[in-house]
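**Student:** The structure is given below, and queries will be raised subsequently.
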Amino acid sequence: MALAHILGYPRIGANRELKKAVEAYWKGDIDQAELERRGQALRAEHWQASRDAGLDFVTVGDFAFYDQVLNVSAMLGAVPPRFGAIDGDVDLDTTFRMARGRAPSGTPAAACEMTKYFDTNYHYLVPELHAGQRFRVASTRLFDEVAEAQAAGHPVKVALLGPVSWLWLGKEKSAGLDRLTLLDDVLSVYGEILERLAAQGVEWVQLDEPALVQDLPRDWRQAFESAYNKLQSAPVKLLLATYFGALGDNLGLAAGLPVAGLHIDTVRAPEQLDAVLDRLPTYKVLSLGAIDGRNIWRADLAALRERLQVARARLGERLWISASCSLLHVPVDLDAETDLDAELKSWLAFARQKLDEIVTLAHLLDGRATPEDTARLEAATSALDARRQSPRIHKPAVGERLAAVSADDAERASPYATRAKAQHRHLDLPLFPTTTIGSFPQTQDIRAARRAFKSGELSRDDYEARMRDEIAHAVERQEALAIDVPVHGEPERNDMVEYFGELLDGFAFTRFGWVQSYGSRCVKPPVIFGDVSRPGPMTVRWSEYAQSLTDKPMKGMLTGPVTILQWSFVRDDQPRDATCRQIALSLRDEVADLEAAGIKIIQIDEPALREGLPLRQGEWQEYLDWAVKSFKLSAAVARDETQIHTHMCYSEFNDIIAAIAALDADVITIETSRSDMELLDAFQDFAYPNEIGPGVYDIHSPNIPEVEWMVSLMEKAAEKIPAERLWVNPDCGLKTRGWAEVEPALANMVEAARELRRRYG
C-alpha cells in the first residue's frame, strides 16, 4: 500500500491567523500565553486537515512563529552572543530578537541576516557560525509539539531541517572558519534530538537536505556521508528529503546514505525517477514528490497514475506519495475563493486540495480508488481538458508582437557614459544624492480606505482623492526632509506585484491566496493564467500628480518583468521566458508613457532577479540571458536623459555581477547594511561602471540608524566605488514601517549625506 504524506503545510492559517497573532504579541496586545494558544490552535487545525484528507501521518515540526531555520538554530543553541541565551533554554522572545534586532536589555542590536531559501520567495534567517561554537539541545518546542499531536491521537512523522543543510545555509562569522569543522558537534545534538524523539514513540523523522540538489564541493559530499553514517545508529527511521530540483551528480550519494527512505522531487525533475529507481537499495522507501508544492495548478492525476505505474510495480509497499516540497509555498485553501470565476477555479489546487490529490494518487496507484477518488480523477481530467482549449489563454496579438521583437529593441540608444552626461545635465543632483526605494508606510488609514473601496463602501472618486492626499503627504514629508529624489510613496499599491497584475490582462487574483514571505510578512501572488498585455497606463497619473507637487525629479516606480514573473504563480503551459517577455513589453509601454508625462527618473525594481537562478550553476547562463533581455526590453525605450534605476534586495552579486552589469541600468540600489557593505566587493572587483546606491540602513528592523554609523558605511562604500557614483538610500521600501520610525531614520540619512558631501565635496 502506497503511503500518503506531506513534507510540510502552510503555517500562516487560512486567514493569516499566525501573522495577526505574532504582530499582536509584538505590539503588546496579547501575552505570550495567548500567542502560544493561537499557535497550538493552528497546529491542531492543520493536523486535522491532514487526517481528514486521509494522509497516513501528520507532519510535526513544520510550524514556526517566524522561520523554520531559525527554529533549528534555536534548538541547537546557535544564538549570537549579542542576543544572550548563551546557556539555558532559547525562548521565543530570543528568536524574535534574533529576527528583529534587539538585545535582551531592549537596546538595538543587529538583526540576523535574512536571505532567500534556495530559489523560492521564502526568506530564512541565516545561522551565524563561529569558531569554537558550542551546541546543545536548547529548546523543547519540537518535543512539545510532538506530544501535542500524539495527545490528539495522530500518527506522527517529524520534519526537521537536516544537519548538513543547516550548516550549508549558515554563514561563517569567524575569519578563516570552515563551517564543516562544526559538523561533529552539531551531529551530537541531532543524535540527542533523535534519541528524545524515539523515546516519545516517534518512528519516522524526515530530515530535509535540499542542499543535495545543488552543486556540492567534494568536502560537502563527504560531510553527508560522515553525517549520516553517524546518525544511522539513531533509534528512528530517517526519511532523507530532497526537493527543488534533481539530485544530478549527487544521486548516487543520496541513494547510498544509510537511511530508511529517500524523498525526491519529480515535479521539478521528473527525469530523475528512472535513475533513482535503478540506484535505490531494495530496503529503502522511496517518497515521490509528484504533486507540485510550489505552484497552484491542478494535478493531472490520470497522467501521473500512468507515469508512476512503473514505480509502483518496482517498489510495492516501499512507495510513498507526497508533494514535491513543503506546501509552505502555496496558499492554504481554494474553497475560500468564493469570488473566483468557476472556470479558472477549476484549474487550481491550493494546499488543502493538494492533500486530496496526494491521497487520491496513492489510491489510484494501489488500485484501491474510492468513489470519491474516481470523481476527483474525472473532475481533474475534465478541468485540464477545458484549460487546454480555453480561448482565455492565447491572444494572437500578443504572440505577433512578441515575434516581431528584434535585438535592437533591447538596447538603449547610447552607451552609459553618454547617457550619464545627459542625465547629470538634465537632473543637476548633488554629490551623494538621497532617495528612497519607493514605498512609504502603509498606514491603517490607507489600508482601511483600500478595504472600503474594494467592498464598495467607498466610491472610486473618493478612494482616489484619499490616495492623492496620501501622496501629497509623502511628498510634503520628503520635501521637509530634503530628499533629493522623492517618490510618490505608493499608497495606491497593495503589493508591488499584485498592483501591476490587476492592471494587466492575463492575470487573475485571489482573496485569500496568501503565502509566507518571511516572519509575519505574507504576500498574495497573482495568477498568470494567459497571455499578458497592458490595456492602458498603470502608474502614470499617480506619478504625474506627485511630480506636480515638487520641483525635484519625481521617481516613477515599476516592478520589473522578472520579479513579476518570480513572485506570481505562473502558467505551466509555455516556457517561463515567453511569459517574461510578454510582461516586459507591457512595462516598455509604461516606461514610454511615464517619460512622455515628464517623469525624468524611472525605477524598474528587480529584487527577484537572483532568486530565479537555477540551483545548478550549469543552467544559470540560459536563465540570465533571457532575464537580462527581458529587463532591457522593458527599459530600452527610454531616452538618454531619462535615468533608469533598478533595485535588488537580499541578493548576493559576486557570481552574477556580469549579468547585473548587462542590465545596463543607470543606477542600481541594493541591500547592503546587514552585510556591512560586503556586497560591494563584487562591484569593485568587476569595475562596475554605473552608479550604485548601497543601502545604509536595514528597514526590516525598527531601530533608528545613527548618522555616524551610516557615514561609516558609506565611507566603506567609497573605498570601493568612486564617490561621484554613489547614492544614499535605505535597503528596501518602507511600506512595513511606521512614520514614527521612518522620519527620524530618513532625517539621519539626509544628515549623513550632508556630512559625506562635506568630507568628499
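Glycine residues also receive a Cβ, built from the backbone N, Cα and C atoms like all the rest.
Because the structure is a prediction, the values reported are computed rather than measured.
Feature list, courtesy of Swiss-Prot:
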type	residues	note
ACT_SITE	H700	active site, proton donor
BINDING	R16, E17, L18, K19, K116, R521, C522, W567, E611	5-methyltetrahydropteroyltri-L-glutamate binding site
BINDING	I437, G438, S439, E490, D605	L-homocysteine binding site
BINDING	I437, G438, S439, E490, D605	L-methionine binding site
BINDING	H647, C649, E671, C732	Zn(2+) binding site
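Describe each of these features in terms of where it is and what it packs against.
**Tutor:** H700 (active site, proton donor): 24 other CB atoms within 10 A of its CB, across all protein chains.
Cβ contacts within 10 Å of C522 (5-methyltetrahydropteroyltri-L-glutamate binding site), excluding its own Cβ and spanning all protein chains shown: 19.
Summarising the environment of D605 (L-homocysteine binding site), the number of other Cβ atoms within 10 Å of its Cβ, over all protein chains shown, is 25. In the three-state DSSP classification, D605 (L-homocysteine binding site) falls within a strand.
Reduced to three states, the DSSP call for C649 (Zn(2+) binding site) is coil. Counting every protein chain shown, 24 other Cβ atoms lie within 10 Å of the Cβ of C649 (Zn(2+) binding site).
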**Student:** If you measure every Cα to Cα distance among R16, E17, L18, K19, K116, R521, C522, W567, E611, the residues said to bind 5-methyltetrahydropteroyltri-L-glutamate, what is the biggest one in Å?
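**Tutor:** Looking at R16, E17, L18, K19, K116, R521, C522, W567, E611 as a set, their Cα atoms extend up to 28 Å apart.
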**Student:** For I437 (L-homocysteine binding site), what residues in its own chain, 6 or more apart in sequence, show a Cβ-Cβ distance under 8 Å?
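**Tutor:** Expected: V487, Q603, D605, H647, T669, N729, P730, D731, C732, G733, L734.
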**Student:** Cβ within 8 Å of the L-methionine site centroid (I437, G438, S439, E490, D605 excluded): which residues?
**Tutor:** T436, V487, M496, M557, Q603, H647, G733, K735
**Student:** Using all protein chains in view, find how many other C-beta atoms are within 10 Å of the C-beta of E671 (Zn(2+) binding site).
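**Tutor:** Cβ-Cβ neighbours of E671 (Zn(2+) binding site) within 10 Å number 25.
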**Student:** Sort out for me which one of L18, C732 has the most neighbouring CB atoms within 10 A, since those are the binding-site residues we care about.
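**Tutor:** Neighbour-count leader: C732.
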**Student:** Where the record says I437, G438, S439, E490, D605 bind L-methionine, what is the longest distance in Å from one Cα to another among those residues?
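**Tutor:** Across I437, G438, S439, E490, D605, the widest Cα separation comes out at 13 Å.
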**Student:** If you count the other Cβ atoms within 10 Å of each Cβ, which of the binding-site residues K116, G438 comes out on top?
**Tutor:** G438
**Student:** Round to a whole number and give the Cα-to-Cα distance in Å for the pair H700 (active site, proton donor) and C522 (5-methyltetrahydropteroyltri-L-glutamate binding site).
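**Tutor:** Pair distance, Cα basis, whole Å: 14 Å.
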